[in-house]
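What follows is a single structure, written as structure tokens, with notes after it.
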Amino acid sequence: MEIETDQSIEAMDTQDTQEVEILTSDLQQTQQQRNSPPQLPKFKNLIQPQLHAVGAVTQLPSENGNMPPQQLLADSSSTSFGDGEAMGIDDESKEDQFRSETTFSFTVENVVQLKSQRLSPPVYVRMLPWRIMVIPNDRALGFFLQCNGENDSPTWSCNAIAELRLKCHKPDAQPFTRARIKHLFYSKENDYGYSNFITWQELKDSEKSYVHNNSITLEVHVVADAPHGVLWDSKKHTGYVGLKNQGATCYMNSLLQTLYFTNSLRLSVYRIPTEADDSSKSVGLSLQRVFHELQFGDRPVGTKKLTKSFGWETLDSFMQHDVQEFLRVLLDKLESKMKGTILEGTIPGLFEGKMSSYIKCKNVDYNSTRYETFYDIQLNIKDKKNIYESFQDYVAPETLEGDNKYDAGVHGLQEASKGVIFTSFPPVLHLHLMRFQYDPVTDSSIKYNDRFEFYEHINLDRYLAESENTLADYVLHAVLVHSGDNHGGHYVVFINPKADGRWFKFDDDVVSSCRKQEAIEQNYGGMDDEISFHAKCSNAYMLVYIRQSELDRVLGDITESEISSDLVERLDLEKRIEMARRKERGEANTYVSVHVILEENFEEQHKRRLFDLEKVHPRVFRIKQNQTVDELVDLFVRGFGVSRQRMRMWNLCTAQTQKFSHFDFVAEGSRTIEQISTSQKPWVIWLQLAWTDVPGPLPPFNPKTESLLFLKYYDPRNKRLNYIGCTQQPHTRRLIDLVPDVNSKLGFEPDTELTIYDEYADKKLVNLNEPIESALFIPQDHLQGHILIFERENVDAKLDLPTVGDYFLDLVYRIEIIFSDKCNPNEPDFTLELSNRYNYDQLANAVAERLNTDPQKLQFFMCINNYKETAGNAVPYTFKGTIKDLVSYTKQSSTKRIFYQRLSLSIHELDNKKQFKCVWVSSDLKDEKELVLYPNKNDTVKGLLEEAAKKISFAENSRRKLRLLKISNHKIVAVCKDDIPLDTLLKSNESITTAQGAQKTFRIEEVPAEDMQLAENEFLIPVAHFSKELYNSFGIPFLTKARQGEPYGALKQRIQRRLNVQDKEWENYKFCVISMGHNADVNDNTPVDLEVYRSWTSGQLPFFGLDHINKSRKRSSLNFSEKAIKIYN
């Protein structure tokens, strides 16, 4: 298996290194049984065996004993090898060295006198050499199968099953055989078999006729899986490529292959608009990249960029996630990316089916029906023989009777039938087999490996309420398989890409063809027989079926012409850049990178110095170290289109001071780059080019008598420091003599007074009438590149930064800040360079100018630097501090980030409002979303709910009544009355903390119609979920109506209906009443005592507890880091 790492190191899958199973007591590894085993003999040292090539070997082995693959020919001729022969019998093409199975034999002569190990010539299966190995001992004959015996590499492995046979020379007699062997062959265990295959006494028994003319014939039938860690070309052998494993992402790889071969989905993914997306954060673009490489690439495809686009950290990628949850999250993300485009509706159009849940009373005319959609179906497999029994169990009606009667409102408790029926099935049907279920005995989730049959073709018409326009005939498209237990394991997928019966196995980076039996029957589970690669713990956990009538649409071929040319060009460019980087890394020792800076780079710099090495975009030339300076200059001539006479080279001596030394490429022309290049990597030079409006060559430069000066001008009105050119001046000239030339460059009057500064001296020059050499303190080593800054005298003092000194001081305080939209994470971030002395108004004006909006309709939030940077407290518009105060808590090297939010009202209007964050929960308790409301500061809960009603979409028949709840640690701690002032509510929320430090939130929800009116004997009681211990609470708590004295059985029935929990799952729930920290178990006949809930005065609000397993939590052995799967971008 190819492990995807930064170094692309190949290593074996951990699943592949599991212990092998000993099939019988005398079936052992030869390495453990031999006493001082000899080195594997080479063929030239053997007593030459005789070889009859019956579809096997026609030439002598090579010097090292290996038979080259090209020498495996279908030939009926024979070649003599001495006292033995090997025969290959292959039902498939005899020239196919990539075949998955074959039968071959080896005749051993002089067997009675056999004293040493014998090896047969190799026969190739899956591109690996397989040999029969014979090892005699005192009591019996040892018979082994060897794989790839000459290869000492630790990375290869191959899984195989084989039958070892001793042929009988009697007509129509059956060969002698032992139990089939099943083994993972790798470098340390490259042979497997029986050390005591048959005793000498039994072998020599003349009645059994095993020995004929002092010879025996041994035969092997071997079936091998595709090998890992060898040069296995999946594309060549199958036409498909695999996916690299990041360490524990085989669960994701199998699912991605399944989605890739859902061709209509793949085509829609190609068409997602991603032109403006950030390549590192776009899930759509990353999936496009993976699909495109799978379709057109020749090598296994990496997924690191995809998981990075998910926003996953390293730990997330190396954890085994729940596959069903990951599939749902990924499809939801794709569906959201397609909204608002022509692709909207693609996901439900492929995967969405519909069902109705019903309750029908037997004795009164009262029915309840609810219609739902689904993207997948969970089938119970426990105690079920096959897929039809599971579907029948899914739709089987349940009778509600006795203590479990249905509460039919005004009709009271009634006997009823309850069940579901499908109304339509989707084109692509995802079936999740419930291999992992809660076990009440162990009180944990376990994996069921029971045998469960599924079929290549199924019909589901009998499970529909009414027949659809086309038959519900389905063809099996993919079988996703898990090997292991509930703590982890390995995932592979078998796919029938064209639904034509040709199956392929996708095992991370290795793809191989396989038999239909291996893809289907051998994944039923409950087997550990001799004909299957799979152990008992290896079985199907998910099936993908495609509707027969939709095959052409779902599996239609996709050509490159159907993919956007812009996308193809972008992906090709990425690939070329990556290849160039790899090539550059590989040639780093033989090449030198020359970074060429031009004057245009100086013009981009408006700060100190001439350029910023971290931000400048130099022209890069790569040249071999043994090439000459003349050849480098020739590159410049061709690259810039200028003659040698119109260019001059300057070495950057130090990046810090940015001083240059003149490089005479004429004098140095014959020297090699290796001889003249500095220790600076890369080699940075400034290439001075003659100005296009100045004809002729550059004037000669004498570093002993001349100085190179760079000139800048400070523009106080635009607060910019502009580069205006360079000049070479004799040391004897005065600085004041430069003023007329500078005025001319700037278009000023010749007598305009200018002040001159030396940038490095960081002060105004006062000795302007002295020669340049003494005025600038030209050093003896003649480093060049003094920067002179000119500014006009008598500038308006009212300007923000009237002098260059003011400007430089401002630069000291400037920082780069990233601005992120708090409410819209998909909105691209932007960066502004601002002074950390800016006040709130200056900050708002700068951001508003960038966003082209009103600064009064922006609100800012400080950034919290936790696991992921998130928005913290809002910054009041009356804030008297500076930007420095907003970002000063971050580390010096950390990113400075501020969140912003666009407002629908002015920030001043907001001053009279109070921001109130809460959560809105839908009536089915499935959807949550954050609400940010702005009620008046002195408002009550009633005003808050009125404000919330403006932002909530109600159903047509809704009574539009809302209520506010306080939630802590997944429990309801208070039902807030309408007359409570919001100030009181918020202050009490801040002052109360729990022992666990649980965060309290407010929740707004619609009041159900049945809760509107409460009789004297009725009360709304809180309900909460927990697992085993009260502190392990989870999920969404809620209120439900209870009646004084009614049995808890009736209350539980109403809760089950509201939560839509299946009966079989509901049986695993436990129930108790929690009051004052104590819990009391209740049964169906226990009467409800409302005083327990009404008499609360302080502390935790009493609640009715549902104790059950937390299914939302992913299965992981690393409990400390368990969290739901999320795709952040």
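Using the three backbone atoms N, Cα and C, a Cβ is placed for every residue, glycine included.
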In Swiss-Prot, the member of Ser209, Ser279, Ser1117 to which phosphoserine is assigned: Ser1117
Range among 1-20, 921-940, 981-1000 that Swiss-Prot annotates as region 'Disordered': 1-20
Other CB atoms, at most 10 A from the CB of His490 (active site, proton acceptor): 23
For His490 (active site, proton acceptor): DSSP state (helix, strand, coil): strand
